[in-house]
Amino acid sequence: MSRILLAGGGTAGHVNPLLALADVLKVSGHATFALGTSEGIESRLVPNSGIDFFTIPKLPFPRRTSRHILCFPFKFFSSVKLVRSILIEHKIQVVVGFGGYVAAPAYAAAISLNIPYVVHESNARPGLANLLAAHFAKCVGISVIGALPCGKLVGTPIRRDLTAAASFDPVLAKEKLGLDPVRKLLLVFGGSQGSAKINMHMRAALPRVLKLCDEKNYLWQVLHITGYGDSIDVNMPHYSSVRYMDSMGYALSAADLVVSRAGSSTVAELCTFGIPAIYIPYPFGNGEQRRNVSHMESAARIIQENDLSQIRLEDELLELMTDDERREAMSIAAKRFAICNAAQNTASLIELALSS
C-alpha cells in the first residue's frame with residue numbers, strides 16, 4: 001500500500017478529477033490524502049468523500065506589479081513549509097497535482113524532499129504551476145493532445161457515480177428529478193461558480209424559445225442550475241431552477257441539450273454522456289476554456305461571451321431544439337471525443353512514478 005497526496009482545488013475542474021482518481025486509488029489499496037484550501041469547493045466535496053483533507057492558504061500568483069508581489073515569495077515558502085510537514089508526517093510517497101493554487105507549493109515541497117510527483121493537466125492550455133512543474137515531473141498526464149509537450153494522453157478522470165449514470169434510462173432520470181418524463185430537457189449551468197451573464201440572457205431568451213418550440217410540437221423543459229450567487233425566482237412554464245445540484249448524474253442522463261461553460265471536467269462529462277452542447281467559454285484566466293472546445297465544432301456550438309446576447313441564444317437554441325437529426329449527429333460526435341478509463345489511465349502513471 002502506497003501513500004499518495006492529491007493536490008488540487010479552487011474549482012470543480014480541479015476537484016472532480018481528484019475525487020475520481022481517489023476512488024480508483026482506494027480500490028487498488030492505496031492510502032489517499034488530499035490538499036486544498038478552506039475557501040474552495042474542495043472544502044465541502046473532499047471531506048464528504050471520506051478522504052483525509054489538509055488545507056493551506058489560498059495563494060494566487062499576482063499577475064500585476066503591486067505590493068502583493070513583494071509578499072508573495074514569503075507566503076509561498078510558508079505554504080511550502082506547511083506542505084513539507086504534511087508530507088513528512090504522513091510519509092507520503094508520491095504527490096499528484098491537478099493545478100490550481102495548491103499545486104505549486106505541493107510540487108515545490110515534493111522536490112525539496114526528493115519525493116516523486118505526477119502532473120495532471122485537464123485543460124488544453126495549462127496554468128503556470130503545471131507548465132513549470134511538468135519539466136521536473138516523473139510523469140505528466142494530459143487530456144488534450146499538445147497541452148504539454150512531455151504529456152501522455154490519459155483523459156480527465158470522471159467520478160464513478162457520473163460514469164455509471166451514463167447508462168441510466170433518461171425517462172427514469174427525469175422522474176427522479178421531478179421533471180416531465182415526456183418533454184425533452186435543456187440543461188443549463190454556468191460551471192461550479194455559476195454565471196450571472198448566462199443566467200440573465202438565458203432567462204430573457206427562454207420564453208420565446210419554449211413558446212415557439214411548443215407551437216411546432218417540439219416539447220421541451222428547462223432545468224437551470226444557477227449557482228449559489230443567484231437569488232432570482234422566475235415563474236415560467238416548463239422551467240425549473242436550483243442553485244446547486246448534487247445529483248448531476250441524473251441531470252446529465254436526462255439532458256438532451258446542454259448550455260454551459262467549457263471547463264475541462266464539464267467537457268469531459270458531456271462527451272462521456274454524448275450530449276450536444278452550446279458552450280460559452282469563460283473569457284478570463286489564460287483562455288483555457290476557449291481552447292478546450294476549439295476542436296469540437298462537430299459536437300457543439302460555441303458562443304464567445306463577447307457575442308452572447310438574448311437574440312444569439314434564441315437563434316442557436318431554436319435551431320438545435322427543433323432539429324432532432326442534428327442533435328443526434330452532435331451526440332455521436334461528442335462520444336468520439338470521450339476518453340474512457342481516464343482515472344485508471346492516470347492511476348497507471350502514478351504506479352509508474354512509484355516504481356521508478
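Yeah, the Cβs are placed from backbone N, Cα and C, and that goes for glycine too.
Since we're looking at a predicted model, the values are computed, not measured.
If you check Swiss-Prot, you get these features:
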{"type": "BINDING", "residues": "T11, A12, G13, N123, R159, S192", "note": "UDP-N-acetyl-alpha-D-glucosamine binding site"}
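Here the features listed in Swiss-Prot are placed on the structure.
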{"residue": "T11", "record": "UDP-N-acetyl-alpha-D-glucosamine binding site", "DSSP (3 states)": "coil"}
{"residue": "N123", "record": "UDP-N-acetyl-alpha-D-glucosamine binding site", "DSSP (3 states)": "coil"}
{"residue": "R159", "record": "UDP-N-acetyl-alpha-D-glucosamine binding site", "DSSP (3 states)": "coil"}
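Neighbour counts of Cβ atoms within 10 Å were compared across the binding-site residues T11, N123; the minimum falls on T11. R159 (UDP-N-acetyl-alpha-D-glucosamine binding site) counts 24 other C-beta atoms within 10 Å of its own C-beta, drawing on all protein chains shown. Within 10 Å of the C-beta atom of G13 (UDP-N-acetyl-alpha-D-glucosamine binding site) sit 27 other C-beta atoms, taking all shown protein chains into account. The Cβ neighbour count for A12 (UDP-N-acetyl-alpha-D-glucosamine binding site), using a 10 Å radius and every protein chain shown, is 20.
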